[in-house]
C-alpha cells in the first residue's frame, strides 16, 4: 500500500487521517462538522488493515518516507526474480484518481517508477548471466482499454480504426489481443523509447480531481524468453510480465461534458467488475481453504466414530459450499487479466490511497479491496517448453554431425578412424527422413551413444 498527498489536497486544508505502523495502515473516521448531537456514532473510529508492505510517501523530509527505489527493492526485485524462474508476473496499481498510480508505475524523469526500473533490471540480469549457457529474447507490447475497447499504443493507425482490436481466448495460453503488435528489444534504451511513445499516445483529460487524469487502463507487457541447456538438452523458459496502470475511480461531476461522463461510466464499470472478481476470488479461496481443513480433519479423525452421510457431507451439516461464478468477461480489463487474477501468475497489487480526510470513502474502499485481494490464491507454474522426442533426436544427431565434421577436418591418415561411424549416421538419417515413430527414443539414443 502506498500513500501520497497531492498539492490540491494540501491547498484545500486536507487533514491526514491515515498513519502507517510497520506493515499496518490505520485510518481514522473524523467526526463530521455540523452533525447534530446524538445523531449516530460521533466518535472517531480507527480501522486497521495489514499488508505485506506499507509505504509513506507524503513528505520527502519525513524519516518514514519511502522513495521509488525503496518500492522497487521490495516489489520490483520480486518481479525480476519470478520472471527469471519462468513464472508469469502481474503488477498493477489500484486506487482513486490522483492517488499516485501512474507515478508509482511510470514515475517522472526525476523519479523513475517501477516499470522502467523493471525493464532496466531485465537487461542488467541478462548481462550478469552472459557467461552462462543461455540466451534471452525480450519483446514488449503496450495497449490501452478506453471505453471498453482495446487500442495498440505502439502502432500508428487511422483514428477511426484505432479501436478495432478484439480480445480472444486460447484454450491453453488464455486471453490475448488479436493483432496487437509485439516489438523485439535488445537494450534498455529501446524499451524506454517504446514506453514513452505509448505514454504520449495514451488518452488523458482534466477532471475536477486531477489536471491530467488517465482516462484509460494501460497494460505494458514484457515477454521474457530464455533458452537454456538442461542435461545437454535444449529447454525454453517463457514468462509474461503484465505491468498495469489502471484509470482512477471518481464520482461523476454534473458539470462534465458527455464524453467525460461516458468515460467515467466505463471506467467505473470495469473497476466495479474488477472489485467483484477480486471479492469472488477471495470468497472462493476461503471456501477452498475451509474445505481442505475439513478434509484434513475428517482424515485425521476417521476413527472417531462420527458417521458420514451417503452424500459425502458430515451429518448435521448442510451441503458443501460451491465456488461462485467469476464474471471475468463482464469487462475487457478483467478478461485480459484473467490469468493474473486467480490463474497462472504471481500477482502484486499496489493500492494507492490519499491520506486526506476529504478522501475517506475512497480510501476505505481501496483498502477493503486490497485486503480482499490478499485472500486470493493463484496457481502459478513455471512455463517450460520442452522439445518433443523427434526434436531431441534431431538435436542429438546435429551434435553428432558437428563432432563428425570436426573429426573429418582434423583427421590424419595415420590416425585410427572408426569406419562404422558413417554407416550409423546414414542409418539414423534414413530413419529420420522416413518419419519413423519416435515414441521409443531410447533406440535412437543408443545408436547415437555408440557413434
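A Cβ is built for glycine as well, from the same backbone N, Cα and C atoms used for every other residue.
Some features that TrEMBL has for this protein:
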type	residues	note
DOMAIN	1-376	domain 'Kinesin motor'
BINDING	95, 96, 97, 98, 99, 100, 101, 102	ATP binding site
REGION	297-324	region 'Disordered'
For the domain 'Kinesin motor' (1-376), what is the mean per-residue pLDDT, to the nearest integer?
80
Within a 10 Å radius around the Cβ, which one of these binding-site residues has the most neighbouring Cβ atoms: 97, 102?
102
When you measure from the Cβ of residue 96 (ATP binding site), how many other Cβ atoms are you left with inside 10 Å?
23
What's the number of neighbouring CB atoms sitting within 10 A of the CB on residue 98 (ATP binding site)?
25
By the count of other Cβ atoms within 10 Å, pick out the sparsest of the binding-site residues 95, 100.
100
